[in-house]
Each structure stands twice: as C-alpha cells, then as structure tokens.
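Pulled from TrEMBL:
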COMPBIAS  A:47-60  compositional bias 'Low complexity'
COMPBIAS  A:70-80  compositional bias 'Polar residues'
COMPBIAS  A:95-114  compositional bias 'Low complexity'
DOMAIN    A:178-270  domain 'BRCT'
COMPBIAS  A:318-329  compositional bias 'Low complexity'
ACT_SITE  A:543  active site, nucleophile
DNA sequence: TTACAGCCCAA
DNA sequence: TTGGGC
DNA sequence: GTAA
C-alpha cells in the first residue's frame with residue numbers, strides 16, 4: 001500500500017469501505033502486512049465498521065442509541081468496547097476476524113437475492129421495540145432485496161440483482177453483509193434521480209451496497225436525497241407528490257453508512273437548503289436500536305407512501321417498484337412481474353399493507369410524518385468529535401469529486417438478457433471471466449483466426465466518415481433496404497435515451513456505432529460479427545446481438561415508457577434548454593409545457609421563454625420551398641443594401657434536404673478578408689428585415705453572426721405556395737446569418753453544410769494529419785500544449801476554396817448532397 | 001488513462 | 001464558469 | 001461507449 005496519502009488513496013476511499021466490509025483477502029493482507037499504513041488510511045472507515053460490528057453482533061441487545069445524535073451514537077458504540085477514539089486500533093484488531101467471517105458468510109449469499117431471509121431470523125432475536133414494528137418487520141424483511149429495479153442510468157438500468165451478479169469479481173465486495181445493510185428497506189429517490197454525476201453515482205452505489213434501493217418514482221420512496229445544489233423550492237413540487245418521505249440532502253446517506261445506522265434525518269446538517277422549518281418532533285420514544293429504527297421507519301412510512309400503489313410490496317419488492325404515474329403502471333408492472341421475484345414476498349407483505357389505509361390522503365405536511373428514524377437526535381448533536389470525522393470525510397469527497405472515477409460497476413449490463421441464444425458459448429466464457437482483455441483476445445481469434453486485435457484494422461482513411469458519406473437518396477434508400485435497419489432503429493432509441501440523460505460520450509459512441517452499422521451491406525447478427533466493426537465494442541456488439549435475437553432491448557422499453565423520460569425529451573426540445581436545465585426543471589416538478597407556462601421556473605432565461613412560447617413552431621420542419629422563399633426575400637433586401645453581397649442557403653438545405661430544421665444563411669462578399677467588413681451590412685440587413693416584419697426575434701448577435709427568428713410574410717407565402725395553401729398565421733422559424741469573408745468561404749461552407757458527423761469526421765481527420773480545421777480554414781503545424789490545448793494557431797493552409805480543403809486533406813470531393821453520414 | 005471539435009455568446 | 005447552440 |  002502506498003504510503004503517500006494522495007490520489008490513489010483517496011480515490012480508493014470508497015472501495016476501501018468495501019474492502020473493509022468484505023475484508024477481502026486483499027484487504028486482509030494489507031492489514032496484516034502493514035497495519036499502520038492501512039489503519040491510517042482507513043481510519044474513518046475502520047471506526048465505523050467497528051462500531052457496526054459491535055452494534056449488530058455482540059452488542060446487539062444494546063438498545064439505547066436513543067436520541068444520541070450521530071455523535072453520541074458513535075460514541076456509544078465505541079464506548080462499549082473501548083471508549084476513546086484512540087483505542088480504535090484495538091477495536092480494529094478485534095473486529096477484523098468478525099468482519100472477515102461475516103463477510104464470508106455474506107458473500108456466499110450475496111448472489112442470492114433471497115439471502116435476506118437470514119435477516120428475518122436475526123431480527124426476531126432483537127428485542128422488539130414495539131409490537132407493531134415487529135409485525136411490520138416480519139412482513140417487510142423478506143422482500144427487500146432482490147430485484148429491485150435500479151434506475152436507468154447511463155450504463156443501463158439493471159436491476160440490482162443483476163448488478164450483484166456481476167460484481168462477483170473484484171476484490172471489493174459489492175454488497176455488504178446482510179447484517180450490515182443498514183439501508184435495507186430504505187428506498188431512495190435521488191434528485192436528480194440519475195447517477196450521471198460521479199459523486200452521486202458513488203453515493204448511489206454505496207447506498208445499494210448497504211441495502212438501499214434506488215427507486216425510479218418518488219411515490220415509492222422512503223427517502224428522498226436532494227442534490228446539495230438544489231434548494232427546497234427547486235424540488236418542492238416533486239416532494240409534494242410524496243408525503244411522509246424523509247427528505248435529506250446529499251450528506252445523509254454516506255453519513256449513515258459511516259455511522260452504520262440510520263441517522264436522524266431531521267438534523268440540521270441533512271436539511272435541504274431552504275427547507276421549510278419542518279417541525280421535527282423528535283420522537284418521544286426512539287427507543288429502538290439501530291435495526292429497529294429502520295423498521296419502525298418503514299412502519300410509519302409505508303402506509304403513506306403507498307397511496308398510489310397500495311399493493312406494491314413494501315420497499316423491497318423490486319420490480320413492482322413504482323411508477324410515479326398510475327397510468328404507466330401497466331408497463332412497469334409487466335416488467336416487474338416478469339422478473340418474478342416477488343411473489344412469496346408479496347403474500348407475506350400484503351396483510352400488513354392492506355391494513356394500512358391505502359388511500360390515505362397524505363397529510364400534506366411532510367414535516368410532521370417525519371420518521372424519527374433512528375434516533376431523533378438533536379440537530380446540534382453533530383457534536384464536535386463527529387464533526388471532525390465527518391468533515392474529513394466530506395473534505396475527502398469534495399477534494400476528489402472531480403476525479404474521474406472508475407466506473408467499475410458498469411459491467412456488461414445486459415448480457416444476461418441476451419443469453420438464451422446462440423453465442424452462448426462465447427458469452428458464457430466471457431461471463432465466467434469478464435476480463436475484458438481476455439475476452440477480446442479470445443473472441444477475435446475465434447471469429448477471425450489470428451489477428452488478435454487485428455480485427456478492426458481498417459484503412460486509415462476509411463475510419464473517417466467523411467470518406468464514406470452518402471447522398472440523401474442513398475441514405476433513405478439504405479434506410480429501408482439496410483439489413484440492419486431494425487437494429488439501428490433500436491440503437492438509435494438507446495442513443496436518444498443517453499442524450500436525454502445527458503451522457504454525452506455514450507451518445508456519441510452510439511452515434512458512431514450506428515453510423516458504422518448503417519454502412520454494413522449485410523445484416524449483422526452476432527456479437528462477434530459486430531465486434532469486428534469499427535466503433536463497435538464489446539458492449540454494443542452484445543446489444544446488437546440481443547436486439548437481433550430478441551428484437552428488442554429490455555432496458556429500452558423500460559426507459560422509454562417512463563413518463564419522466566418523455567417529459568425530459570419534451571423539455572430538451574425547447575430552444576435554449578439543454579440537459580442540465582431540463583433535468584432541473586424536471587426535478588422541480590414540471591412535466592409539461594403547460595406546467596412551464598403556468599409557473600415558469602425562476603431560472604428560465606429569455607431564450608428559453610421564447611423557445612417555450614414558440615415551441616410548436618420552432619419544432620416544425622421548414623419545407624424546402626419556404627426556406628427558399630425566405631432566402632429570396634432576404635437576398636433581395638441585401639441586394640438593395642449592397643449589390644455585391646452574396647447569400648447562400650446552407651445547412652441541410654444545401655445538402656438537398658426536403659425540409660430543414662432552421663435556415664442558415666451565409667453572407668459574404670467578394671474581396672473580404674474578415675467578417676468584420678460585413679458587419680455593417682448585416683446590421684442594415686437585420687434592421688431592414690425587422691422593419692418588414694420578417695425578423696421577429698433576436699436570440700443572439702454579435703461577432704460574425706446573428707441568430708433569431710423569422711416568418712415568411714403573407715405576401716411571399718402566397719407567392720410561394722399560392723392561395724390554395726392557406727395558413728392561419730405565419731410560423732416562426734429559426735434563422736441564422738453567418739458572416740463569412742471570402743477568405744474563409746470554403747471552410748465556412750464545409751462547416752455550415754455539414755452534416756455534423758461529416759464535419760466532425762473531417763476535423764478529426766485533419767487533426768490526425770497534424771492540421772486543424774475549423775469554420776475559418778484549414779491550418780497546419782498546430783502546436784498543442786499539454787493535452788491538446790492549442791498553443792499556436794498554426795499556419796493557414798486554405799480557407800477560401802472548399803474543394804482545395806478536401807484535396808489537402810486527401811478526401812475525395814463530395815457534393816453537398818453526398819455529405820449525409 | 002485519455003480523448004472524443006472547437007468556437008462564440010449569454011447569463 | 002456554466003449552459004447552450006452551431 | 002470506443003479507441004488509442
């Protein structure tokens with residue numbers, strides 16, 4: 001173990017938790033070999049793990065944990081074995097064996113969802129806090145684990161069970177011993193409810209390891225964890241739909257794990273900023289022990305949360321999980337049903353459940369119903385000592401929140417689903433040993449003898465889409481004819497999904513893979529086959545096979561049937577709204593455009609407002625004829641101002657598309673070397689067009705461009721479409737003016753003709769050849785500093801002539817109509 | 001482990 | 001600096 | 001997610 005207390009150390013922090021709990025051999029060795037270092041490194045963790053040990057096992061009967069704030073809690077735990085923090089080492093030593101044992105025990109069951117059962121037995125042993133609680137417990141305990149659905153996330157939505165399965169490998173146990181799953185029975189709804197943010201991902205992961213469930217709908221949550229960046233007002237709406245839920249900030253879960261107990265959620269430090277002063281009535285008789293508290297919590301909460309789906313099995317029942325919206329329940333239900341884990345559980349569960357008023361109108365007050373989970377401790381309870389450790393912990397997190405974390409968990413999501421068929425052989429192989437490298441090495445040889453990684457060797461130039469563009473016709477033709485069309489269709493949806501959840505890189509990866517697939521003359525049926533293609537790795541290859549064999553991807557069904565997802569897509573369609581904003585609005589409870597219109601989010605920008613009000617118009621395709629008409633209009637106006645001005649309709653129009661999303665007009669003039677020379681013209685032009693009522697809104701202006709909206713006046717409309725094609729009103733269109741000096745015309749044409757993929761590809765090719773292509777020109781000898789940061793502009797090689805740029809790059813000329821990638 | 005295009009505007 | 005668009 |  002490295003002594004330097006640095007990066008690796010901190011990054012490893014969470015894994016350390018794992019190591020501790022599971023105390024894998026690795027961990028053990030480390031411990032044995034270098035106790036000092038190890039201890040130092042895992043100080044906090046050790047302390048907590050120790051405490052839990054004591055609590056759950058030897059000290060089980062120790063009920064008190066009363067209202068000691070976390071701090072006291074901690075203390076108490078410690079005090080039992082050894083009072084002062086200093087004695088930690090001793091504790092650790094003692095605890096180790098236990099930990100190992102329990103870990104071993106847990107591991108064996110880890111893979112079995114039903115492993116919970118032990119808990120049932122365990123619990124009874126504990127003095128029951130109150131009768132009801134016991135009852136509840138017996139009912140609930142069994143259910144929890146299994147196949148709770150985990151949220152769709154960037155890597156896919158796999159049920160925890162699946163996750164667990166995969167997690168077998170690493171040294172770090174992915175699930176903590178049942179006895180330590182302090183979050184069991186806790187269903188968490190995160191806001192935002194995704195694991196895109198690295199830190200949240202970590203939290204979610206940890207929560208799951210400790211038995212917590214990640215739920216998709218707030219309706220089935222027992223706890224709502226709100227991003228620290230959000231204020232209460234941001235999430236107010238969402239919370240309204242879930243009364244009786246414990247609402248806490250980001251710090252809560254990890255603290256619970258650290259202290260091995262469900263902490264009092266009402267403490268000040270877990271308050272969501274701006275949260276109304278909830279009258280926390282510290283429950284008079286907290287009495288229960290850590291375990292109990294958990295249950296008592298469920299007891300209380302359960303009835304309330306379930307108003308929508310009363311029958312939903314308690315927290316745990318996985319799939320039945322939730323559907324925030326009643327209507328959608330159908331799909332989800334089916335889904336869950338399939339997973340079929342729940343049955344027995346449900347039965348057990350129901351009685352208690354039904355007894356509780358399903359319909360119970362939520363008492364609106366969330367403050368009240370709060371579950372004084374463990375210890376209704378006092379806010380101030382975050383006593384000094386704890387505070388220290390907490391702050392260490394927090395500091396650590398903050399310090400490294402930006403580090404790219406290993407996403408170890410990602411794994412191959414769906415393999416299991418696709419398994420049933422053919423390539424079972426390989427798959428099983430790979431499953432047994434997920435080592436990606438081995439797999440790759442193995443696979444390739446099979447399908448294609450020899451070349452280990454030669455499989456993907458493709459001519460350099462062929463790797464760039466710009467060398468493979470097609471025409472619109474060829475594209476559409478290949479769309480229907482393409483043997484991979486169905487597969488592409490599904491992948492495209494997945495791609496869209498990732499766009500929605502704001503996973504930029506996965507989105508682009510899918511785009512590339514799709515582009516590759518689209519070009520295949522034959523139908524790709526197997527994983528091996530797909531894997532050989534460029535831009536298609538093991539994972540997408542596996543998905544392709546699944547799609548082909550089952551003609552669907554489970555996760556996709558799941559993802560797209562989610563109402564939230566639909567709202568997300570809706571919001572993203574609003575001009576000026578990107579993923580962060582869309583998610584934020586969603587978190588604030590908005591679901592429809594009407595919601596936004598009715599109560600505009602406080603952070604809505606003018607652009608977004610415009611985008612919202614003209615959402616319908618701006619999302620309507622612009623017929624080619626209309627674009628042409630507008631261009632003609634503008635051209636005429638420009639000619640009046642400056643006869644030498646030239647306007648060209650770019651974008652998809654130039655590529656021959658029958659309709660466009662917006663209108664791109666490139667404004668230029670012979671003899672110009674800089675866009676600045678055209679600014680006066682643009683200003684005049686814009687003013688003139690505004691006067692004519694053509695330009696109706698300005699979105700951005702400055703520099704060498706103008707972005708805004710326009711409409712085709714009635715007169716021109718009639719001229720273009722005739723009186724027979726009436727319209728009630730002009731439709732707003734997005735229009736961009738781009739000032740381009742003659743010297744940059746060629747590069748600008750490329751840039752503004754697209755399509756994106758084609759452009760990116762061209763730029764990428766340029767960079768591989770030591771050049772740089774942007775909208776101004778093609779440069780060479782670009783100096784890049786550390787990690788691609790451009791240091792030198794480089795020498796302009798060509799900017800004026802579009803064809804020349806192609807030539808220099810060694811790319812065969814392609815007409816605009818052939819640049820559909 | 002790192003890049004995946006790069007630039008400009010708005011707030 | 002972040003979000004967004006191109 | 002893929003490739004280098």
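Just so you know, glycine gets a Cβ as well, placed from its N, Cα and C.
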Reduced DSSP assignment, residue A:543 (active site, nucleophile): helix
The residue listed as 'active site, nucleophile': tally of other CB atoms within 10 A of its CB: 29
Local confidence of the domain 'BRCT' (A:178-270) - pLDDT mean: 76
DSSP-assigned states of the domain 'BRCT' (A:178-270) in counts, ordered helix, strand, coil: 39 helix, 15 strand, 39 coil
